[in-house]
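Please read the structure below before turning to the comments.
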Amino acid sequence: MEQPKGVDWTVVILTCQYKDSVQVFQRELEVRQKREQIPAGTLLLAVEDPEKRVGSGGATLNALLVAAEHLSARAGFTVVTSDVLHSAWILILHMGRDFPFDDCGRAFTCLPVENPQAPVEALVCNLDSLLDIMTYRVSGVVFFSVETAECLLATHVSPPLDACTYLGLDSGARPVQLSLFFDILLCMAENVTREDFLVGRPPELGQGDADVAGYLQSARAQLWRELRDQPLTMAYVSSGSYSYMTSSASDFLHSLTLPRALGAQIVHSQVEEQQLLAAGSSVVSCLLEGHVQLGPGSVLQHCHLRGPVHIGAGCLVSGLDEAQSEALHAWELHDLVLQGHHIRLHGSPGRAFTLVGRLDSWERHGAGTYLNMPWREFFKRTGVRALDLWDPDTPPAECCLPSARLFPVLHPSRALGPQELLWMLDPQEDGGEALRAWRASWRLSWEQLQPCLDRAATLASRRDLFFRQALHKARHVLEARHDLSLRPLIRAAVREGCPGPLLATLDQVAAGAGDPGVAARALACVADVLGCMAEGRGGLRSGPAANPEWMRPFSYLECGDLAAGVEALAQERDKWLSRPALLVRAARHYEGAGQILIRQAVMSAQHFVSTEPVELPGPGQWVVAECPARVDFSGGWSDTPPLAYELGGAVLGLAVRVDGRRPIGARARRILEPELWLAVGPQQDEMTVKIVCRSLADLRDYCQPHAPGALLKAAFICAGIVDVHSELQLRKQLLRTFGGGFELHTWSELPHGSGLGTSSILAGTALAALQRAAGRVVGTEALIHAVLHLEQVLTTGGGWQDQVGGLMPGIKVGRSRAQLPLKVEVEEVTVPEGFVQKLNDHLLLVYTGKTRLARNLLQDVLRSWYARLPAVVENAHSLVQQTEECAEAFRQGSLPLLGQCLTAYWEQKKLMAPGCEPLAVRRMMDVLAPHVHGQSLAGAGGGGFLYLLTKEPQQKEALEAVLAKTEGLGNYSIHLVEVDTQGLSLKLLGTEASTCCPFP
């Protein structure tokens, strides 16, 4: 379902308790803006509360003041003005009080949620969820109109409310604590009298002296004067729910797990032995190596553990790394919360660990427990005394878990680890050594620990672990050939400034791959990293990739030395990282390197090329090969390497005559001169390109597709007539084997870029004619594979559907399996009697007048496939599936069903290659739509021929009249088309004497 239009926030403010956290959380907001979670133009502010206990109301007023100040300055004012609120959308998010289960507070508590549609891969925390909710679903928990916001802002200059803001604090005002709900909103409620409001005490205040109560009453009186007349309404969302994150570990674990789940939730984590994770458990941003067992209802977050580790039911374990894994080997944890913390003591960084019970209460009243047992029992079991935890003069009511000095932060002689606390679970007869070590440590209570937490180091550690597990994921996805896109991960690595480790991992995967498909995809991912580093600058991704500086690594790849090639590529890459233009060019060359590996994979089709010797035609005797064109009805793109051998392809195609003619052909003959005479173009035409090759040097450009006669030169090489790498001269090669040379002439009556498979079919006719002229015959299926080989030698790439469509007669389905060597199998589709003629009467070709740019489209499709974009992967599978449905429609002889297939096929083509539908073609298709069952551009689209299945028979003249009335269509033409039931034809003609070169 389409996401509703969201709110473009003018300002997003995050309030926090600690001054040291402001810059940390400011960076986190900016990271989310880079991820496109927050609009680029939104002003981001992290704001420290003026006082630790200013309350949610005071924090709101202070945040509103800071936002108004920044907006006023941005608008050019020198003083704060409420006018800026009229055009602003301001989102204020409160971090809230300290949270026992996450050092960065409730806002940055990570959720067991993964968003596969996110453009940038990242952990999802409460802040991200709130940003999404506030932007796309509701205005907020509390929404202030402009008028109310103006009235609230006005109170910042009125004592004692000015003390809620940093301005009042800087002016020496005495702090006042206000609640958003029980002070600010309550004074607007209808059934509240002034007297009741002034004497009330919000729960946030607690019990204090009379002087504090009087000061608060003065503040409330000011709120009443300013806000009483503002209307207050409430919206009730009947289907909604609200979950407050309390200090209960049980509630927290319940919120992060699915008790009735069939398996464990594994989010942004790499787990070697997933079967050891119990149903109803949750693992978020972890790297678990070896035997790590997790019980039901337990949560692992931000941990890198190496087994054996056994964590039973009802546990929260977070913030541990490999160094602490060994401490866990001897223990089986149940109903415990074990956390590792980054701290800073007097400026020095360090680590501390806390251990509490799942059932322990963090409240200051009621029966106290520790490790799920009463304090008295804990003291008895461990030997710990109350004086170890609290000062002698501490009131009994204050002797509680938050104030107990339980947690070692420094030991005089050793590094600290979880073992400093785990011994309390089962005190051993060790002579009291563990207890003495614990007592010898400098210990802090949970309350004392909070100001020492290093939140910058915590978030940096989480980011580092996230990318460490992500590198494992990238390696696994590539090596296991999973259809999972790595592009969101690539964007994350680049935008957060750590592409280096990802590039190194991709290099390792490519160099060590035993499968050219895996290596090619890894190189394509490197290209994506480089392209992403260019940040949309530096030019188009598609472009040439033959810079001499890259030829050394390319030569290694061509020779099959993958490891040396990848290493040389990386060395060259390091020279091209300084600016966007170089990054884009380097990305093109990595895609070029991938094309080399694709060529090598497709070359495996040679396994299925074979010839049989036949009588050698005499000199001067022409061998003529002619072919129909082809029309693809379903499955195109699935035949394109690497899809053809990674996904497996299936294409339904028709061999067709255009205006009654077979438009593609070649002829070859032996000549007495030890030379190669090449001609490209119509048989009797002054525009025919004529080339004479008298030496091997004349053939060297066979792999440059745009060089004159390159296809014909490649045909001589692939047919085995010439060895271009031989030390033997060309004339000697020809004389030794054939007693002379050859003349080869190819032609096509179709316009360039027709989309009807011309170049591949032309290659097939050239090979067939040459082989026969050389005294060999090649079967049609072998010829299909020979064309695949030739197009790789020519470096044009391309799939197999064109030669299948034109060389094989009639209606057929070509298929290739997801494996190498690449083999194409063809099945004839049997149709009802008389249906071919019916089809001929309803099938038309319209030349759009637009030249197709298939090569650019091909590069884009391959890039999207290697990125495994979900829409492209799904579409590729649909192409293969619909081919079978289209074949069934032919078997039924149903024109309406075939029309539906064509319409769906065109939508699939557009999804596969965005930009393949020019505006003029769209206009033409719209005009023709009422008259056809279905229509599609041939081949890759972008121009060339449009083919139609008309509702009425013999509609050429009628549709010409329709198009003639439409403006802006350009130089179009309509052509008759009929199914060809012959396919490739090969015949020998009489001898024509040739005593001298007919070419200039």
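Heads up, the Cβ atoms here are built off N, Cα and C, so glycines get one too.
What TrEMBL says about a protein is an automatic prediction, not a curated fact.
Database features (TrEMBL):
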- 82-137: domain 'GDP-fucose pyrophosphorylase' (DOMAIN)
- 138-412: domain 'GDP-fucose pyrophosphorylase' (DOMAIN)
- 732-805: domain 'GHMP kinase N-terminal' (DOMAIN)
- 887-962: domain 'GHMP kinase C-terminal' (DOMAIN)
For the domain 'GHMP kinase C-terminal' (887-962), the number of residues DSSP places in helix, strand and coil: 44 helix, 12 strand, 20 coil
Integer mean pLDDT for the domain 'GDP-fucose pyrophosphorylase' (82-137): 87
Helix, strand and coil counts within the domain 'GDP-fucose pyrophosphorylase' (82-137) (DSSP): 20 helix, 7 strand, 29 coil
Secondary structure content of the domain 'GHMP kinase N-terminal' (732-805), with strand meaning DSSP E or B: 43 helix, 11 strand, 20 coil
